[in-house]
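I have placed the structure first, in the form of C-alpha cells, so that the comments after it can refer back to it.
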Amino acid sequence: TNGVPGKCTKPGGCSTYCRDTTGTMGLCKNSKCYCNKY
C-alpha cells in the first residue's frame, strides 16, 4: 500500500485519517501515513 503524504505533520493526524477512512490503525513511516489492519 502507498503511504499518504501530509497526514503525519500533526499529532494523531495519521491515526485519525486511517480510523475515519478504513477503520484501521495508522502508522507513520518516512513522513507518510500507512493504514494497517489489526
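Note: Cβ is positioned from N, Cα and C throughout, glycine not excepted.
If you check Swiss-Prot, you get these features:
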- Cys8-Cys28: disulfide bond (DISULFID)
- Cys14-Cys33: disulfide bond (DISULFID)
- Cys18-Cys35: disulfide bond (DISULFID)
Chain-internal residues near Cys18 (disulfide bond), provided their CB is under 8 angstroms and they sit 6+ positions away: Thr24, Met25, Gly26, Cys33, Cys35, Asn36
Long-range Cβ environment of Cys8 (disulfide bond), under 8 Å and at least 6 residues apart: Cys14, Cys28, Ser31, Lys32, Cys33
Secondary-structure category, per DSSP, in which Cys28 (disulfide bond) falls: strand
Candidate with sparsest Cβ neighbourhood (10 Å radius) among Cys28, Cys33, the listed disulfide-bonded residues: Cys28
Other CB atoms within 10 A, centred on Cys35 (disulfide bond): 20
Count of other CB atoms lying within 10 Å of the CB belonging to Cys14 (disulfide bond): 24
